[in-house]
């Protein structure tokens, strides 16, 4: 079941939130990212000095990657060949700390803090209805940035990462007086405080084996996955239900129509004479009207129909051609008034160049007094739909 839910739920959009505390203040850094196939796109990089502003800017529907650093977070390099360091790491009480670590063949780099340091911010975010899908302590994950920031020295938050032959060799805290640095990532410039957030997003998607971390409320991610999965399934079920209702409705309408058709055929046998007589009278009445208004001339319509068809390229398709449209809506008692100098053409094309050439050709025809493009628009398939009004020069 968990495997199925993981296939259904994709966290393609995330908010990475970095909380940095020093002796004076707390700063909040936010990096909104979106996963696109094998790349991670930066949507927005912001900074806030107040939690209330942060609350108003974060989207509670988008999961959060939480990263804390600064006061209360300690970075330590453990030499795996040094017995004292090895003994220290063995005796470390993991039950009282939260940590993120990165291991190489010779060293282990550890960022850790007391439980309450992380859990204070973690619980604060949850109490404000934000979904935390994962967390990191310190800027250790910035080691992943070395793949796209090809430098021997990378600054992350207030720490300097030193590399030799593509391997992390040391982490040193920066001096108090320093200028913020910016790095080019995903064709955007982000600060040294946003770089660890981007690296955290990378690790969330690729799960680097060399990076390990502690857990807190370990079922939180599963709860988010289940919640989103059930939301998707719920929406799917509702949509499916309404689709079935729609199919059922049209099926009923279809059979009602069939039944009405059969009933009509039965009645038609007994009323055929009257119906034919009425139709003949109606036909004569309509022909009389057409003769009165002059619209029954076959030569008139066929001439313009032929001219339009002759000049139209094959990549232009018509949906309607309306000759002599009504000048205005009429009531039952009104006599219809037709505009015999107007032709309305509606259609579509896939070639704008051909369409423009066709318009120019029509405008140069002697029988065309004026050509207006009533409307023209494109759909999602890049097909162009148009409506033309042609005013005839001489009727």
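Cβ from N, Cα, C; glycine included.
What TrEMBL annotates here:
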TRANSMEM  229-252  transmembrane segment
DOMAIN    246-326  domain 'PI-PLC Y-box'
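Per-residue pLDDT, averaged across the domain 'PI-PLC Y-box' (246-326), gives 79. Across the range of the domain 'PI-PLC Y-box' (246-326), the DSSP-based residue counts are 62 helix, 9 strand, 10 coil.
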